[in-house]
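To start, the structure itself, in structure tokens.
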């Protein structure tokens, strides 16, 4: 039976335990996700308390991380999403995303509306990918793909 969480702290505590186990076992998120049939980003989001895993994926991930049955069950529960405190992020990486939306948020909104009309980009019917690519000018670049279904506003 599908279960839902109403307290975000239990999943945040589990995320801390998962990250500790991940570090002790020297595993990458890609290695943990391998064999689940799910995207690395989706499994990572679940491990960090933002998504629910199907039972078979939760068991596989749990085995890789030596999680107990309660933790495996928690990974299958629908979480209380959006666990970032209601303030401007202070973590430098998260802040840069906040900054990108401060600078380009209105541009993204205008371009989405111009190309699609009045509506939103779904974060439910959504895919996320992060790639590391060489920068022709030296160093490396992050290519982040946000792939969400467009949902039009419907008059009623």
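Cβ from N, Cα, C; glycine included.
Here is what Swiss-Prot records for this protein:
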ACT_SITE  96  active site
ACT_SITE  99  active site
ACT_SITE  122  active site
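In this structure the alpha carbons, written CA, of residue 96 (active site) and residue 122 (active site) are 22 Å apart. Distance between Cα atoms for residue 99 (active site) and residue 122 (active site): 21 Å, as a whole number. Listed in sequence order, 148, 149, 150, 151 are the same-chain residues six or more apart from residue 122 (active site) with CB atoms under 8 A from its CB. In the three-state DSSP scheme, residue 96 (active site) is classed as helix.
Residue environment of residue 99 (active site) contains 13 other Cβ atoms, counted within 10 Å of its Cβ in all protein chains.
Of all Cβ atoms in the protein chains displayed, 12 besides its own lie within 10 Å of the Cβ of residue 96 (active site).
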